[in-house]
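Undergrad: Sharing a structure below in structure tokens format, with a few things to ask.
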């Protein structure tokens, strides 16, 4: 039984489902979890796997199919119950346009009461599932690094963004392998192997996880060796060899169905049936236990190093250049025209350009200079996106808001005269939006991730923003990352809530180190003698904790645009 | 990659790859083999061999696993393999796959011999050590005695003579026996002496396949993992408990065993008293086998029999007639049953438990063949609410609240309580709320034998009763069967009914009625 709804709402979908159940005698009781699938190009394959898994774990399956670039905004839905949904029920949500900005409210009405939520990304894993808008609601977050474009890179990002409750199919694919290796270890006479070899394609996440698991658990070096020459692209683990004093125990895959286990002195080997796991089996296994897989977390943590020092994000990039001009107005003019040039250049090779605005006296002056500069550079403003580096969490029309400072001079002008679409202006939320400070910060981070920031924020050598404008305080702070303030320590989220800010108002939202360091060009705009000392400090070593302004660098360029007072030297 | 300290790896040390937190990792049995006596019997063919195959299919047996058949047939290893293949392809739960069977086939052996053939047991010893050498079974061997109890002394003696019962350096030897564990206390002790002379008590695994069922294990989850039930699980709120195990079939081909044994000894002594123990026991300190057993033994030891067994027990025997569209023979005309047999095919009894929790709460047990339908369930029936602020006519349809644990078939839990009937009048009527295993969890519940065989190979004993429990159960049952033998012949009952009138009278005396399952 399939019902299609066009231009509908979540509550209408919910109501229709209830009606369909009543009509067809489908029982609502007995669903044990809600499984959210983030749509990919081919949704039928994951859906089939979910239906198969529903025989063991009756679930409500919600497929979220998002099209942010759609011309119009709205929601279409398809509901499948009964024969078309296995032992579960399926809702496919096609969300268009602005509906996506509140993706969580879309599924909220459709979640099963009290039951656990599992979110599954069959492809395109987010870097930090727990920070995803839907992932943050879920007890369990399932990714499949092997199905992503850069499997190892994805796994590495997942490591950096790992939170308890994450898991990846690259690990689930190993389960039967690991069981077999664990029992091979027990073949008498038991002894710790002196060496371990894992054969498989380099770059296959399962191979890496297998080697790391053995090395981490047994304390013996596990080396990864290539698969047989005949099949250089062999998927998954090809063989595991435990080298012991009494000889080598080898387990190797001989076909898609079988493994041969060779004990020391036995050339013939024992046949073990171990078919490659299907997607349905993987989903079923993941749903079996909804508590965090601590062992996976440990193995993932051992597979890649973490980033403890935020200075890392700024390292390895071109050194900053100084541009000294006469006064604050000159700083603004210089910065505005440089930014406009850079944005124009960005739009030559990319469909969109992203500019991050800042507050403060110089920031506001720069914003006012931007419309003219953008026009002069020939920037197509229908393709421009505006973001903020930080914002005060106060009344939306308060003069303390960075956004209010540029509303008239920049936003209204670009919207009314230059065709800047309203949806391209990404204003940070205020208390009037009905969110707590933490939720507001998380929401803004999710918008950034959704717009495409997710991967570049967490991948070295990539940038999401084209131009990042930053002011700097006399204490050396940038955005709302203050020196010696714990608010700057979170490097997992894209945007954070800052409380107890040393400079009032105390509640703010700020972008984080990895995000601020994900711009092609960075311009720090500073005017006034009271900032001269901080400018000097920020030109010394990169030290995010003591001098935040020292720790933001652009992938291609970083310029300090200084007036004479701040530079402590004449222009020129 | 980081280093971690090298774990100890001396023989017997825990396997560092088996992290208890790694709940995903399948618990695969260690290197081992199983020697099966009575491999051509019904149980082996329909249940045991398919269970071993299904375990292999699920990847839970080690690649080296060996299975040795012992029997009179003049079979080669290949003949035996063909027999196993036939049994498995007809009865396996997970579906027959050639490649899975191939894995099993490599470890199949057959030894021809009778139970008194010393030379054959020597050959068995050779085969077992050949498996150790070529397959790496590591000297770990289980002996499954799927044979009549009267053959135990001979087989156990032969195993002792050939030294097969004695493990060497770090390996294990285990023996598996099936119910019946005797037919009364004396015979149970005798049987046990035979087995425990040859195997250490902790190496004897008594299989009561009921304890391997998911729903039986769920009794403990229901009681001890919830806050909802335990506070009312006592004499303050519970009126009585009914435990029913009904079969709609007759004795079939079991005449030889059944006659002279009867329903009480066949299923009440083991299955129903185990269900009673799990329902009534106190919370174990941990779920380790010893703690669990301690609680079951305590509650079995506290069971008291009614003073007048004639009034509080019932005994029946089915007669012939039409049952469910099929004409069935009376028990006395079943093949192999003497025409004057006084064996019961229905048994019911009231038991009391002399503890603070259960004082005054009768446990009614009933079991039988050719009853209304096949069902096993535990019904905990609650007292009526002490005061009802309604007109008496409003609650005319309101019964007693109940929690029913359905063990089989259609496993699940039902709760019965009163609800207002929609409409302008206040009218309260019984409704039920249902939790069905099949709806909420896997359709793929493993067969009880899979679970038990794997647990035995892993050496994990919580689901296996010990001799003490067996003896306690006989102590409960022996006085009743003795009384019956002397004073109470079975009353006839129609096939497809719920037992003889005496069973209904027995509850009527207490002012109660049997639930219709």
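Cβ from N, Cα, C; glycine included.
The annotation compositional bias 'Low complexity' is assigned in TrEMBL to B:1-16. The region 'Disordered' annotation in TrEMBL covers B:1-24. According to TrEMBL, the domain 'Glucose-6-phosphate dehydrogenase NAD-binding' annotation covers B:35-218. Per TrEMBL, the feature NADP(+) binding site maps to B:72, B:179. Annotation source TrEMBL lists substrate binding site at B:209, B:213, B:247, B:266, B:369. Per TrEMBL, domain 'Glucose-6-phosphate dehydrogenase C-terminal' is recorded for B:220-515. Marked as active site, proton acceptor by TrEMBL: B:271.
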Undergrad: In the structure shown, which of the recorded positions B:179, B:213, B:271 has the fewest Cβ neighbours within 10 Å?
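TA: Checked B:179, B:213, B:271; of these recorded positions, fewest Cβ neighbours within 10 Å: B:179.
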Undergrad: Would you count the other CB atoms within 10 A of the CB of residue B:72 (NADP(+) binding site), including those on all shown protein chains?
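TA: The Cβ of residue B:72 (NADP(+) binding site) has 12 Cβ neighbours within 10 Å.
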Undergrad: Counting only other Cβ atoms and using a 10 Å cut-off, which of the binding-site residues B:209, B:369 scores lowest?
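TA: Comparing Cβ neighbours within 10 Å for the binding-site residues B:209, B:369, B:209 has the fewest.
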Undergrad: Using a 10 Å radius around each Cβ and all protein chains in view, which of these binding-site residues has the most neighbours: B:247, B:266?
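TA: The largest 10 Å Cβ neighbour count belongs to B:266.
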Undergrad: Please report the distance from the Cα of residue B:209 (substrate binding site) to the Cα of residue B:271 (active site, proton acceptor), rounded to the nearest angstrom.
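TA: It is 9 Å, counting Cα to Cα.
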Undergrad: Tell me which of the recorded positions B:72, B:179, B:271 ends up closest to residue B:369 (substrate binding site) in space, Cα to Cα.
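TA: It is B:271, whose Cα lies nearest.
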Undergrad: Let me know the DSSP-derived helix, strand or coil state of residue B:271 (active site, proton acceptor), please.
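TA: Residue B:271 (active site, proton acceptor) sits in a helix per DSSP.
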Undergrad: What Cα-Cα separation, expressed in whole Å, is found between residue B:72 (NADP(+) binding site) and residue B:266 (substrate binding site)?
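TA: Spelling it out, the Cα of residue B:72 (NADP(+) binding site) and the Cα of residue B:266 (substrate binding site) are 28 Å apart.
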Undergrad: If I take the Cα of residue B:179 (NADP(+) binding site) as reference, which of the recorded positions B:213, B:247, B:271 has the closest Cα?
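TA: So, of the listed recorded positions, the one sitting closest to residue B:179 (NADP(+) binding site) is B:271.
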Undergrad: Rounded to the nearest angstrom, how far is the Cα of residue B:247 (substrate binding site) from the Cα of the residue listed as 'active site, proton acceptor'?
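TA: Here the two Cα atoms lie 13 Å apart.
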Undergrad: Which whole-number mean pLDDT does the model give the domain 'Glucose-6-phosphate dehydrogenase NAD-binding' (B:35-218)?
TA: 89
